[in-house]
């Protein structure tokens, strides 16, 4: 049995662990607990994300809908917008607090390697940064300080890596943000037209200058969010359907694995056959286990 050590990711990977073995190794320590990265920039970006979503909800609810003379217009749009906002923020939390697929630290021990039952001459890789046996398609994240299975990229807006275990929630987050951005822009356009017709009298409980400023900022926010999330949603779906992460695409890595393309790839990420569970960020959430766990620190991340 021979073992190889690599100081950086190389273009050609060799199979080491299959998904089940990797999942067992991870489940033994950390995936049962909430994951949170203690990164200053990421936490600030996550706070800004929540602030902007809540700001949009405030403007839509209190500036546009509540002053509306049409009861059903206000109720229907208020329910739809707030439901989408809840789904977006829940998807954000699930992305941020889910272990993306971290390889257990320091598992490059003689005992662990013997348990792999490696064939003579089989090559494995050890990460020189987190001292873990590196599974196929895993990459080291310098912010999380861990090797992440099927790492797509590290996103500061969710303060986490997007990897094997939380890519589904990240896709839902981008989808719901794009939807509420589109909804907010449509409501803003209708509100502007309505206020101009009545010469800004009785179209809002705020003064005309304040109303204009709030709505202009909302439109700018909506355009930026819609552009960014729509592009990210498209690239994520494309990556899933081609079974190729963003890192693998940028590094032009030749696949050494059997690709799961199109619906096979979608099922592997979202789980099972197409259903409403695919778009439900609450699916699989176990609050009892979440509340029963205890917090502990573990380097740059801590588990709750």
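Cβ atoms here come from the backbone N, Cα and C positions, even for glycine.
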As TrEMBL has it, transmembrane segment corresponds, among 169-190, 235-256, 257-278, 279-300, to residues 169-190
44-65, 110-131 - the one TrEMBL records as transmembrane segment: 44-65
Let me know the model's mean pLDDT on the domain 'Palmitoyltransferase DHHC' (126-252). 91
